[in-house]
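Down below is the structure, laid out as structure tokens.
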Amino acid sequence: MQKGSYYIVNFDEKSQSPLKISVHRFWRRLPRQQRTTIIGSLFLLLLVFIYVVYYKHSTKSIEDIPYEQHLSVINNKKETWRNKQPQENQLSTARTFSTPTNNRQIAVRDGMRHAWKAYRTYAWGYDELEPISKTPSVWFGLGCTIVDAIDTLYIMNMTEEYNQAREWIKTSFNVDSTSVDKYNSHFEITIRLLGGLLSIYHLTMDEIFLKRATELGDRLLLNFNSSTGLPYTEINLKENITNPSPPTSELSTAEVGTVQLEMRDLSRITGDKKYENAADKSAATLHNQAKNDGLVSIGINSATGKFSGPIITFGARGDSYYEYLLKQWLQTGQKRPSFWDDWFESMRELMDMTTFSPKMDHLACFLAGNMALGWNFHRSLTHLFDMAKNLTETCYQMYAQQPTGLSPEIAYFNIEPNSSKSSIIIHEGDTHNLLRPEVVESLYYMYHLTGDKIYQDWGWKIFQAFEKYSRIDNGYTTIGDVRNKTNVQPRNKMESFFLAETLKYLYLLFDTTNLFPFNQWIFNTEAHPLPIYSN
């Protein structure tokens, strides 16, 4: 055989080909060490070939791929996060929180204990408390106040109350219960219940919360099975059926754009990508629609996924869509610039607007904290932070200029020059206060980003007003008229978000250190803290 000739070696002893026999004899005559070297070299070449091919096809950044192809890229990958090494910033141990040490935090915790005691006494296991009649209120049929508020109890180190809540979730939270045999809001279940279960799991690493979150997430996943990938408005959890929207109906932009954080987080902690796939498909639908320089209508056509209608607002039905753009960018380790681009374009257009309605929902006050959070990661955007500061003060004045010190649900601004009227005007029908969290939420961000104690002082005045005009013997009530100190017209309602959000943000505001560093944690729109991932 000539040197440099190459043959395929066949070890089949039944083959009678002379060529194969000669090759076989040649191979047998080689010294064992030389045969070992040849086999090793061939094996090494094979490994190099496999590596080059795999590397070429697998290292292309998801962000280099058109957004609409993102989901298919994810679906074609076979590995799961659970098979990978834990991410460097992924939590693996429970967090502990100390008891409050300053008087303001102690006062807020006392308020939380007062609200919880009333709920436990008169509405235990039901969704919410009606504090005036001392009766329970049914909504989801899943103990909403318990699930929504359990992370607040844990953060405030209310051990006895936390254990009560945990035991109920362990033994009584049941998506197959007859109490949930009805259609309920997909959005509200996601932000309050799924968000609450995910949050308390991250804080405690208690597997019972992950189990319940997975049970709930599996039911909610069905609602993403629409032609556009946007979730249907309602779902029956017990029957595991959706309530498909008529083709001509309009979806709420905020509702379909504010469920992605929770589903993505569920994938990250279970290792099952199906939840994140659904979140990404819905996010891609929203991203790909035509926008008005980043701003979007509050309605979406259920059949096409296109924004529809003339109304653009950062208040009701629009608010948390913008909030989740920024927070999804942070959640994914700032590796998905499409989220940042959509968010920043909307902020830029907001600041450049020349025509607007001089009206603001209390809900829109989240925007000050959201702007400040965005600025924290791009500090050259000083104009964004300046606007956040001005908006925070405006929102506080919605409280400070009322006789009760509590804000109305909606305020109008007097923009007439040289007018003798008040700068903030309240219309009949907008005079109520629902114990909402958005202003104290922004105060929390502003204080921990600036260290300026004025934001703590404003928050303390708001809390004192709640104590004076909303607190009753059996919990806290929403009120009907913030203008009337002698008759605030208390209403028979204690919202679960008062415990989950308002009191939590006040408690965090009054801490001298930020218990949830902004480069490690985000809050969903119901104030449930979720970790930031590195990818």
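Cβ coordinates are placed from backbone N, Cα and C, and glycine is handled just like the others.
As given in TrEMBL:
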- E188: active site, proton donor (ACT_SITE)
- D319: active site (ACT_SITE)
- E409: active site, proton donor (ACT_SITE)
- E438: active site (ACT_SITE)
- T525: Ca(2+) binding site (BINDING)
- C365-C395: disulfide bond (DISULFID)
- 36-55: transmembrane segment (TRANSMEM)
Practice problem: Compare the C-alpha of C365 (disulfide bond) with the C-alpha of each of the recorded positions E188, D319, E409, E438, T525, and give the closest one. | Solution: E438
Quiz item: How long is the line from the C-alpha of E188 (active site, proton donor) to the C-alpha of E438 (active site), rounded to the nearest angstrom?
Solution: 17
Quiz item: C395 (disulfide bond): which of the recorded positions D319, E409, E438, T525 is the nearest Cα neighbour?
Solution: E438
Quiz item: About how far apart, in whole Å, are the alpha carbons (Cα) of T525 (Ca(2+) binding site) and E438 (active site)?
Solution: 10
Practice problem: Output, ordered by sequence, the same-chain residues six or more apart from E438 (active site) with a CB under 8 Å from its CB, or 'none'. | Solution: H362, L363, A364, C365, F366, C395
Quiz item: Tell me, how many other CB atoms lie within 10 A of the CB of E188 (active site, proton donor), whichever protein chain they belong to?
Solution: 18
Quiz item: So how many other Cβ atoms are close to E409 (active site, proton donor), meaning within 10 Å of its Cβ?
Solution: 20
Quiz item: Tell me which residues of the chain lie with their Cβ under 8 angstroms from that of D319 (active site), as long as they are six or more apart in sequence?
Solution: A254, T313, D361, L363, A364, F366, L367
Exercise. Starting from the Cβ of C395 (disulfide bond), draw a 10 Å sphere and report how many other Cβ atoms land inside it.
Key: 27
